[in-house]
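Working notes for the structure below.
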Amino acid sequence: VIPEGYTQENVAVRGKATQSAQLRGEHAANSEASNAIDGNRDSNFYHGSCTHSSGQANPWWRVDLLQVYTITSVTITNRGDCCGERISGAEINIGQHLASNGVNNPECSVIGSMATGETKTFHCPAPMIGRYVVTYLPTSESLHLCEVEVNVDKPAAA
């Protein structure tokens, strides 16, 4: 719930994204970490607006917001052309540390399941302070995200 007199802003679009390992080969350009913060919720991987890890164990994706924010929720758009079940069990962690690539930062939420192509908002139990937002998948599945929006409450313009 957005407090009265406030509006919500996605600060991820100004950040810098990276991931554990990028898919290689003919679809490498479609797989870049920055695709998930381009402001485009297109969920078809082949349209070039999603990210895709290579098939290594425990893949992660991270956005550096370039400054510290108080984060209320994270909105994720799941891949829509196939494989939507792969995201099940992914963790959303938020914090100020890069140790272990940020996967040990405090947990905002766990993605139980998402439909293929679904956009869903995950609310942190309380506002969280952090610079790094990490989506970590503790399996050997590929991690693909079509959009990640990091939501902060800002005072509304008068």
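Easy rule for this one: first residue shown is 1, then count along the chain.
Yeah, the Cβs are placed from backbone N, Cα and C, and that goes for glycine too.
Keep in mind that this is a model prediction, so the values were computed, not measured.
Checking the candidates SER49, SER140 against Swiss-Prot: the one annotated together with ASN35, ASP38, ASN40, CYS146, GLU147 at the Ca(2+) site is SER49. The alpha-L-fucose site recorded in Swiss-Prot comprises ARG79, ARG86 together with one of HIS52, HIS97, namely HIS52.
Here CYS82 (disulfide bond) is positioned 18 angstrom away from ASN40 (Ca(2+) binding site), judged by their C-alpha atoms. Residues HIS52, ARG79, ARG86 make up the record's alpha-L-fucose site, and a Cβ search at 8 Å around their centroid adds PHE45, CYS50, ASN78, CYS82, CYS83, GLY84, ILE87, SER142, LEU143, HIS144, LEU145 from the same chain. Spanning the listed alpha-L-fucose site, residues HIS52, ARG79, ARG86 have a farthest Cα to Cα distance of 11 Å.
Cα-Cα distance from ARG79 (alpha-L-fucose binding site) to CYS146 (Ca(2+) binding site): 6 Å (rounded to the nearest whole number).
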